Ligand SMILES: Cc1cc2nc3c(=O)[nH]c(=O)nc-3n(C[C@H](O)[C@H](O)[C@H](O)COP(=O)(O)OP(=O)(O)OC[C@H]3O[C@@H](n4cnc5c(N)ncnc54)[C@H](O)[C@@H]3O)c2cc1C
Ligand code: SF4
Ligand code: SF4
C-alpha cells in the first residue's frame, strides 16, 4: 500500500506541476495529471505506472533539487511503484524458503539437487556419465521435465493474472476496458516500441541529463531477447510433443536460432542496463528501486547465460550438468518472478491501456 | 556532460566577444556572434544547476507568422502583433526599434530551431495563447538546456559562477571586465562586450529607492542573481536610460511563496472568481474587470498599493475547481468568518464587506455566470463594482488565499541604437558595448507587457547585438 507520507509527498510535488504544466508535451502523465486536480492514491498509482522514467521532466524542471521546491517526478513515481507493486501480488510474501538473497541461493541449490536426483533416477546414463547425446530428455524424461518447469510457470501466471486484475480494478478500469481492442492496438504498439520512454522529442535524458537513446535500446534487447528465448523453449516443447521431432535440433532450427539470438541479445541488454545504472544520477531514483532493478537484471542474466551455455555446450561432455544448472535457474526464476520487478510491464501496460481510453474520451469530448 | 567551465584562465587572453549573462538573450548573442566566426566567451553568474536567469522560468514566445503550423493554431500577421504592442501600457517607446523587433520576430522561430530549440504542439492547457504564442517543449529551462548543449557542441566556453563586477572604460570604449570567478578576481579582455544580464528586480535595495519598505513584502519570481550590477555600471558610465525607471511587471502570488525564484507555480488565478479584500477588510479593485489573461498583470501593482502589500482572496464552493489549484493548497472553512480567520484577517469588517457585495450581486447570477468569457454579471450599488462574474459568495464551504505582489522583471534599461550598441546620454554611442534582452527592453516597451514578448525581445536583440559585436571585433 501507498504510505501516507509518500502520498503526501507525491501530492505536494504534483500540485506544483499542476500549477505549472510546462511538461505537458513530454509524455501522457501530464495530460492525465491535468484531468486530476484533486489527487487520490489511485491517481498517483496510475500516473506512476504511466511514467516511463525518461527523466525529461526532471531535466526541464526549474524546481528540481536543490531548488527548495524539490520537484522530482521520476523519483517520486519510482517510489510509488516500488511501494505499490507488492500490494497486488498474492501470496504477498514469497514462500519463506525463497525470501532474501540467501533464500534464492537455497532455492537454487534445492532445485539443482532436485534436477540431479531426478536425472540420476530417471536419466539415461549416457548423459549423466558424460558419454552424452544432445537431447535434454535424456537427462530427465520429457514428461517429468515438463511438470517440474510448468509448476512454477503456472504459479507465476496465476499470480500475474490476479495482480493484473486487482490493479486494473484499482485504477478504475472496467471489463469493457479490457476488451477494447482498438485501445489495445495502440497500447501494444506503444508498449512494444517503449514509446513513452522517449519522452518528448528530446529522447531519453537518462542516464546523465543529456538526450540519449541508449537505455531504450538496451531495454528492447532485454525484452525482445527474453521473448525469443521464450519462443525457443515453447517451440522445442511443441516440436517434441506435437510434431514428434526429437532434439537435438539443427543449428538452423527455430529453437536453436531463437534461443541463441535471444540469449545473446538479452545478455548484452542486461549488461548494458547494468552499466548505465552505474552511471545514472542517483538523485532521480531510489536506492531500493535500484536494488530491485539489479536483482531482476542479474536473474535474467543468469537465465540467459546458462541457457546459452546449454546451446553452446550441447555437444560436449559437460552438457548434462550445464543443463541441470539451467533448469534449476529456470525453476527459481519463475518461482520468484512475482516478487521481483519482472511484473512491472503488467502494471505499465494496463495503465497505458487505461490512458489510451481516457485520452480518446478526452479528444472526443 | 558539459566540462566544468569554472576554471579561471591561467593566461590572459583577448576574446573577440564576451557575453555577460547566461539567460536567453546571452545565449542567443553568443551563438549569433559565433555564427559570424567570432571567438566567444560566456560569463554566467549562477552555477550550472541554476543557470539561465529569468529565462529558465518562461514557457513561450510571441512572433509574427503568416499561417498556422504545427505549433501555432493560426496566422498572426505583422499588423496584429503591432496593434497588440500598441495596446499595452503607453505603447512602443521607440517606434523604429519596436518595428524592427516585430519585423525580425518572423524569422525567430526557425532561427531558434536551427540553434537547438524544440517546440510543443498546442495542447488543451495552452490553447488560449496557441495562436499567437509558441510554446517551448518542457518550458524555458529545457530551451536553455538545448542552447547550452549547442554552445558546448560549438566549443563556446561558459564560465559559471562568474560574476561581472565592473566594466573598465577608456572613454566610450570598454577595455576589460573585472570578474569574480568562483571567488577569484580575474580581468577579462575583449574586443566587444554584449551585456545580457537581465533587469534589476532582485536588487531589493535598488527597488527600495523607489518603493520604500513596501519592498519587504514583494516576492521576486525569478532568481536572486539579477541585481542589475551591470546595468548600474553602464548607467554610471554615461549610458542613457530607456524605459520607466520605477516600472516593473508583477502579478499576484501566494503569500506563502519564497522570497526569490518561486517562478510560475506560485501565481494565483482565483481572483476573478471571488473578491479580494485588503488588510482593512475592504475591497479595492474590480476583480472582474476583464478576462484574466488580460488582467492578471495588474494585480501585482494593485496589491503593492495596499496596506502591508497583502490581499485576501475569498470565493465559495460554486466556483471551486474552475481554476488551477494553488500549489500550497487553500484555506477552507464552513463560514466566511471562519475562512477570514484562517487567513489571519479580523472577521470584521471583512464579513460585512462580503455581505454588502452579496447584496449588490444580481440574484440571477448563477444562470448567467460564464467563466469562459466576459459575462456581464455585474454588481449594482457596490464600490468598487465587480463588472463580470459577480456571483454571490454564499455556498459553503468557503475558500481563501492570501496574495502578495510578485515581481517578474523591471523595465528600466539602457538605450541602444538599431545595431544594439549602447547609446550615451549625449546621443553618441559606446564603441564596443552592446546590449540585449531585459537590460534594454525599455527601448521597445517602456511600461506594460505583452505575454511572450520578453523572449522575443531577447532573441531578436541577442541576434542583432551578437552579430554586430562580432562584426566590430572582426572588422
Ligand atoms: C515566472 C516567469 C515567467 C515568465 N514567462 C515568460 C514567458 O512565458 N514568455 C516570455 O517571453 N517572457 C516570460 N518571462 C519574462 C522573461 O523571463 C524575460 O523577459 C527574459 O527571460 C529576459 O531574458 P534575459 O536573457 O534578458 O534575462 P535573464 O534570463 O534574466 O538572464 C540574465 C542572466 O544574467 C546573469 N547575470 C546577472 N548579473 C550578472 C553579472 N553581474 N555577471 C554575470 N552574469 C550576470 C544571470 O545569472 C542570468 O543568467 C517570465 C518571467 C518570469 C519571472
Ligand atoms: S516537473 Fe517541473 S517543469 Fe515539469 S510540470 Fe512539474 S513543476 Fe513544471
Ligand atoms: S515519463 Fe519522463 S516526462 Fe513523463 S513523468 Fe516520467 S520522467 Fe517525467
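Any Cβ shown, glycine's included, is placed from N, Cα and C.
All TrEMBL annotations are machine predictions without curation.
TrEMBL lists A:8-38 with the feature domain '4Fe-4S ferredoxin-type'. Sequence-distant contacts of the domain '4Fe-4S ferredoxin-type' (A:8-38) (same chain, six or more residues past either end, CB-CB distance under 8 Å): 44, 46-48, 50-52, 54, 56-57, 60-61, 63, 69-73, 76-77, 80, 196, 199-200, 352, 355, 358-359, 362.
The transmembrane segment feature in TrEMBL is assigned to A:104-123 (among others). Long-range neighbours of the transmembrane segment (A:104-123) within the same chain, counting only residues 6 or more positions beyond its ends whose Cβ lies under 8 Å from a Cβ of the stretch, are 97-98, 138-141, 144, 148, 320, 324-325, 327-329, 331-332, 335-336.
The list of residues near the transmembrane segment (A:143-161) in space but at least 6 beyond its ends in sequence, with Cβ under 8 angstroms from a Cβ of it, reads 89-91, 114-115, 118, 122, 136-137, 237, 327, 330-332, 334-335, 337-338, 343, 346. For A:143-161 (among others), the entry in TrEMBL reads transmembrane segment.
Beyond the transmembrane segment (A:221-239), the same-chain residues lying 6 or more positions past its ends with a Cβ under 8 Å from any Cβ of the stretch are 146, 245, 247, 249, 254-256, 258-259, 261-270, 272-273, 297, 300, 303-304, 307, 345. Taken from TrEMBL, the feature transmembrane segment covers A:221-239 (among others).
The transmembrane segment annotation in TrEMBL covers A:251-275 (among others). Long-range neighbours of the transmembrane segment (A:251-275) within the same chain, counting only residues 6 or more positions beyond its ends whose Cβ lies under 8 Å from a Cβ of the stretch, are 214-215, 217-233, 235-236, 239, 293-294, 297-298, 300-301, 304-305, 307-308, 311.
Annotated transmembrane segment per TrEMBL: A:295-313 (among others), in sequence order.
Annotated transmembrane segment per TrEMBL: A:319-339 (among others), in sequence order.
Within the chain carrying the transmembrane segment (A:319-339), a Cβ under 8 angstroms from the stretch's Cβ atoms is held by residues 86, 89, 93-95, 98, 104, 107-108, 111-112, 114-116, 119, 123, 127-128, 130, 132, 134, 136, 139-140, 145, 148-149, 152-153, 155-156, 159-160, 163, 299-300, 302-303, 306-307, 309-310, 313, all 6 or more beyond its ends. Note on the domain '4Fe-4S ferredoxin-type' (A:8-38): DSSP counts are 21 helix, 0 strand, 10 coil.
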